[in-house]
Amino acid sequence: MNALAYLDLPHIRQARGLAALPGSKSISNRVLLIAALAEGRTEISGLLDSDDTRVMLAALRQLGVAVTDLGQGRVAVEGARRFPAEKAELFLGNAGTAFRPLTAALALMGGDYRLSGVPRMHERPIGDLVDALRAWGARIDYLGQAGYPPLHIGRGDIRADRVRVQGSVSSQFLTALLLAAPIEAGASGRPVTIEVIGELISKPYIEITLNLMARYGVNVVRDGWRAFTIEGDARYRSPGSIAVEGDASTASYLLALGVLGGGPVRVTGVGEQSIQGDTAFADTLAAMGANITKGSDWIEASGQAVAEGGRIKAFDADFNLIPDAAMTAATMALFADGPCRLRNIGSWRVKETDRIHAMHTELAKLGAKVESGPDWLSLTPPADSDWRDAHIGTWDDHRMAMCFSLAAFGPAAVRILDPGCVSKTFPDYFDVYAGLVSA
């Protein structure tokens, strides 16, 4: 798949079947870092095998952490509490879930580190996190444009027990500080409080972070979404083993197939017991008119097939809490019974690409009437006669490729450019897709 320049999708009419989800990217990289900083050995099962987890695994090994591949999505991590390597140059691709948390953790290590990534990573802002870490006493220098990677992290003088961070650009900045805080609290014996400035976006991702920290014995005292305190002497202790649940953001594409293609499509790996906020996308689908059923670790979706004249209900919704899954809603809007609007999606602009611009561009190619602003996008679906054949650019963004696979339910010919970009989170996506759909 990685070698293909493009993939022509056949026109599809139906989708049904069962699909096991790959491991959650958000959980996988958080667990890998926590396990590396914990006392004891952790066996991790269900780990996502993708570009983003590979760069995290490579970075941890460079930092001296012993990681053993046990096969079949299982690894063993020997916790080091502090990274043995005091000097390293790390290449972290376009993995925000690796770059941001490692920046915070390394800032507290007292070593000499350089962090870089692909060109797009060097366009993704990190200034709010760096400002917070500098105020904490860290020494961090920009190696290019101020406010953006690459970074040089040196030996700082961590003294403050209260840190403030902006919450309006990316919740990963708060996650990074939370994951790193036990390093300092455990070393100093003093509690560390992290204050959030402004409105915190993507709150469900913070819930994932707090849940995983608790599994490793660090319970965070909260003052709503404004302040988070890690007690003095806090330290991560391995639970011995931990299972990574399926990726709820990835589930959105497969569930959407079930809705648009009649279904049912059932995904396994997430369900009523999931800790991921993107499972709420099932409620979004229900509001569109889909039939949704759930179990402890599965979700099933069906609907009225659009190839038979079915249409989803038009929507005007705030997607602040589920920005990744919201991309699926944007392409589903091609099959709505009226104009649709996605609000509060400003975080799209600093993701793997400027997703508002990319979505606007590619949806318009198919014949939709699209408008967008700083944090919103609206779409009027094309009439059947207005659909246009399109070569869909994926903008080196895995989610663009997966979202636009849904366009094959329409009457136009769809070509996905650079389909291999799905390797960031779901290398086998188009194989799984082919197993669910039919003409």
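Quick reminder: no glycine exception, Cβ is built from N, Cα and C everywhere.
In the three-state DSSP assignment, the secondary structure recorded for Asp324 (active site, proton acceptor) is helix. In the structure as shown, the Cβ atom of Asp324 (active site, proton acceptor) sits within 10 Å of 25 other Cβ atoms. The active site, proton acceptor annotation in Swiss-Prot covers Asp324.
For Gly96 (phosphoenolpyruvate binding site), the same-chain residues lying six or more positions away in sequence with a CB closer than 8 A to its CB are Met121, Arg124, Ser170, Gln172, Lys351. Secondary structure from DSSP puts Gly96 (phosphoenolpyruvate binding site) in a helix. Per Swiss-Prot, the feature phosphoenolpyruvate binding site maps to Lys25, Gly96, Arg124, Gln172, Arg355, Arg399, Lys424.
Residues or ranges marked as 3-phosphoshikimate binding site by Swiss-Prot: Lys25, Ser26, Arg30, Ser170, Ser171, Gln172, Ser202, Asp324, Lys351.
Counting every protein chain shown, the number of other Cβ atoms lying within 10 Å of the Cβ of Lys25 (phosphoenolpyruvate binding site) is 27. Taking the binding-site residues Gln172, Ser202 in turn and counting surrounding C-beta atoms within 10 angstroms, the largest count is reached at Gln172. Looking at Ser202 (3-phosphoshikimate binding site) and Arg399 (phosphoenolpyruvate binding site), their Cα atoms lie 17 Å from each other. Mapped onto three states, the DSSP output places Gln172 (phosphoenolpyruvate binding site) in helix.
Restricting the recorded positions Arg30, Ser171, Asp324 to those with a CA within 10 Å of the CA of Arg399 (phosphoenolpyruvate binding site) leaves Asp324, listed by sequence position.
Site extent for phosphoenolpyruvate: the farthest pair of Cα atoms among Lys25, Gly96, Arg124, Gln172, Arg355, Arg399, Lys424 sits 19 Å apart.
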